[in-house]
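Colleague: Quick one: this structure, given as structure tokens, is what I'll be asking you about.
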Amino acid sequence: MHVPGTFYVNDALKGLLFEELQQAVVRGDHGGFLPAVKQLANVAALPGIVKRSIALPDVHSGYGFAIGNVAAFDMDNPEAVVSPGGVGFDINCGVRLLRTNLTEAEVGPVREQLAQALFDHIPVGVGSQGIIPTTAKDMESALELGMDWSLREGYAWAEDKEHCEEYGRMLNADPRYVSSRAKKRGLPQMGTLGAGNHYAEVQVVDEVYDAVAARRMGIDTPGQVVVMIHSGSRGLGHQVATDALVAMERAMARDGIITNDRQLACARINSEEGQAYLKAMSCAANYAWVNRSSMTFLARQAFAKIFKSTPDDLDMHVVYDVSHNIAKVEQHCVDGQHRRLLVHRKGSTRAFPPHHPLIPADYQLIGQPVLVGGTMGTSSYVLTGTEQGFTETFGSTCHGAGRARSRNNSRNKLDYQDVLDNLKAKGIAIRVASPKLVMEEAPESYKDVSEVVDTCHQAGISKKAVKLRPIAVIKG
């Protein structure tokens with residue numbers, strides 16, 4: 001290990017980490033499974049890593065890097081690497097939050113109709129195909145321009161991109177580095193939710209912890225209705241990652257790079273393979289922002305239909321849009337010196353502090369909004385970034401609850417009807433394309449998101465602003 005590993009966990013979450021470690025001892029590394037503790041140590045041994053390998057409270061085993069792992073690499077160190085495993089297969093999987101001027105009293109009586117309207121408007125599920133008309137030429141433009149393409153084509157409002165990480169566009173994107181297979185997979189999926197833990201939720205403001213921050217974001221009234229969309233780059237992002245892993249295995253053999261785990265395939269940042277991946281990854285990130293923008297357009301249409309109004313009159317503005325699977329070049333202070341770092345965030349969210357130049361003007365006094373999605377039927381949170389987090393975790397915090405059970409375990413141990421009945425008992429309308437996903441994504445499959453968020457708050461790496469409660473959910 002070149003640097004130490006640091007875990008941000010409380011006693012309850014620490015117990016889950018040790019359970020995962022114990023499972024690994026019993027079953028071995030069958031199927032490539034490694035516990036998060038070991039994965040964090042393996043990342044700490046990668047060339048060019050600085051400061052520490054960081055595990056956030058929602059950490060659990062992933063591919064190469066654990067999900068919930070943050071690691072930064074010195075751009076000026078010729079040995080430093082970029083690893084697709086540090087971003088994940090769903091590049092720029094992220095969350096967008098829309099506010100409305102509706103209340104729970106207005107939406108509650110029609111939540112079933114609203115859930116159905118969202119389900120009808122937004123294509124969901126494995127293999128779902130979008131209804132946004134997209135040609136091969138459009139795809140090239142979307143990969144390069146990100147949300148600027150959405151704005152040009154009429155699927156976004158001008159102010160949407162102002163409230164988006166990177167303003168919805170990675171400038172170093174170059175579609176020439178995205179394979180034809182990746183483009184072919186992405187073309188029919190524009191504006192689709194996908195499956196797994198992706199969702200669109202209608203939520204209400206449940207508690208306000210920071211009135212100033214909540215007011216600045218326009219979500220300061222308990223009972224106010226908001227919409228959360230969680231999705232990523234679909235098959236295109238998966239193919240970009242797959243293509244890069246193959247190329248990087250060759251680069252490792254050529255350059256003599258040795259890692260502790262084959263899943264940590266990587267390349268020197270400034271190598272041909274490293275730069276090709278970063279350009280293709282940026283295209284996939286742009287695709288994901290276009291995807292969430294397209295679903296925002298569709299969600300606005302669904303609300304307008306149900307409430308016989310316009311999205312503008314319903315005040316359906318974007319509060320913020322964050323990525324939690326990405327690698328970006330950022331300026332940070334390491335050992336008292338300002339350094340250019342390639343920060344890998346996998347299952348973790350950027351959380352920049354007040355006055356940082358890369359956050360919108362209207363959030364300068366409160367810090368960057370951080371959107372933390374809960375599980376199906378549990379609360380979600382809006383946090384803000386802190387100066388302490390910028391110093392300790394490269395301006396990063398948690399992204400969600402984090403799995404506590406494997407998908408297979410959830411399918412075997414949970415009953416479909418029981419999960420649905422529990423959601424209905426909480427007054428939540430649900431539409432799901434695949435029944436098995438109800439078990440896989442049930443609250444029992446995940447850690448307690450409140451424990452995760454509270455741990456980050458108590459550690460000072462982010463600050464709680466608003467708690468959100470679901471009243472309608474659509475899933476793939």
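Counting begins at 1 with the first residue displayed.
Cβ from N, Cα, C; glycine included.
Not my notes, these are from Swiss-Prot:
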ACT_SITE  His399  active site, GMP-histidine intermediate
BINDING   Asp90, Cys93, His198  Mn(2+) 1 binding site
BINDING   Cys93, His230, His324  Mn(2+) 2 binding site
BINDING   197-201, 324-325, 373-376, Ser380, 399-402, Lys475  GMP binding site
Colleague: Considering only the recorded positions Asp90, His230, His324, His399, which fall within 10 Å of Asn197 (GMP binding site) when distances are taken between Cα atoms?
Modeller: His230
Colleague: Could you measure between His324 (Mn(2+) 2 binding site) and Cys93 (Mn(2+) 1 binding site) for me? Cα positions, answer in whole angstrom.
Modeller: 6
Colleague: Looking only at C-alpha atoms, tell me how far Asp90 (Mn(2+) 1 binding site) is from Ala200 (GMP binding site), rounded to the nearest Å.
Modeller: 17
Colleague: Which residues, in sequence order, are found in the same chain with Cβ within 8 Å of the centroid defined by the Cβ atoms of Asp90, Cys93, His198 at the Mn(2+) 1 site, excluding those residues themselves?
Modeller: Gly94, Gly194, Gly196, Asn197, His230, Ser231, Gly232, Ser233, Arg234, Ala288, Asn325
Colleague: List, in sequence order, the residues of the same chain other than Cys93, His230, His324 whose Cβ lies within 8 Å of the centroid of the Cβ atoms of the recorded Mn(2+) 2 site.
Modeller: Asp90, Asn92, Gly94, Val95, His198, Ser231, Gly232, Ser323, Asn325, Gly373, His399, Gly400
Colleague: Measuring CA to CA, name the entry from the recorded positions Cys93, His230, His399 that ends up nearest Ala200 (GMP binding site).
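Modeller: Answer for the nearest of the recorded positions: His230.
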Colleague: When you measure from the Cβ of His230 (Mn(2+) 2 binding site), which residues in the chain that are at least 6 apart have a Cβ under 8 Å away?
Modeller: Cys93, Gly94, Val95, Arg96, Asn197, His198, Tyr199, Ala200, Glu201, Gly373
Colleague: Can you grab the distance from the residue listed as 'active site, GMP-histidine intermediate' over to Asn325 (GMP binding site)? Cα atoms, rounded to a whole Å.
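Modeller: Cα of the residue listed as 'active site, GMP-histidine intermediate' to Cα of Asn325 (GMP binding site) measures 10 Å after rounding.
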Colleague: Determine, from DSSP, whether His324 (Mn(2+) 2 binding site) sits in helix, strand or coil.
Modeller: coil
Colleague: Where does Ala200 (GMP binding site) sit in DSSP terms: helix, strand, or coil?
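Modeller: Going by the DSSP assignment, Ala200 (GMP binding site) falls within a strand, counted as strand.
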Colleague: Neighbour count, 10 Å Cβ-Cβ cut-off, for Cys93 (Mn(2+) 1 binding site): what number do you get?
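Modeller: Its Cβ shell of radius 10 Å holds 27 other Cβ atoms.
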Colleague: Fewest other Cβ atoms within 10 Å: which of the recorded positions His198, His324, His399 wins that one? Let me know.
Modeller: His198
Colleague: Inside 10 Å of the Cβ of Thr375 (GMP binding site), count up the other Cβ atoms and send me the figure.
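Modeller: So the Cβ neighbour count for Thr375 (GMP binding site) comes to 24.
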Colleague: Give the sequence-ordered list of residues that share a chain with Gly402 (GMP binding site), lie 6 or more positions from it, and have CB atoms under 8 Å from its CB.
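Modeller: Listed in sequence order, they are Pro57, Asp58, Val59, His60, Ile67, Gly68, Gly347, Tyr446, Lys447, Val452.
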